[in-house]
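Notes to accompany the following structure.
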Amino acid sequence: GDVAAGASVFSANCAACHMGGRNVIVANKTLSKSDLAKYLKGFDDDAVAAVAYQVTNGKNAMPGFNGRLSPKQIEDVAAYVVDQAEKGW
């Protein structure tokens, strides 16, 4: 995915709950690398695919963005989230 494009998708669609890699709904489930690895199935094998799956389908309080974002936008925002998690937000 395109990390720069993903940054703008994140800003428009995700930042309300996940600004700076945080989670305003469930504080202990952040977008840190360790939390993503703990809560997302398959993160250690393919981090971008695991984040893209979560964004597409949602889970618990998080809505799915399938139909609201294109597959490319989802791939891009997943690449951005993983990139930021690697950098420690």
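Using the three backbone atoms N, Cα and C, a Cβ is placed for every residue, glycine included.
Counting every protein chain shown, the number of other Cβ atoms lying within 10 Å of the Cβ of Met62 (heme c binding site) is 17. The annotation heme c binding site is assigned in Swiss-Prot to Cys14, Cys17, His18, Met62 on the grounds of experimental evidence.
Counted over every protein chain shown, other Cβ atoms within 10 Å are most numerous around Cys14 among the binding-site residues Cys14, Cys17.
In this structure, His18 (heme c binding site) is part of a helix by DSSP.
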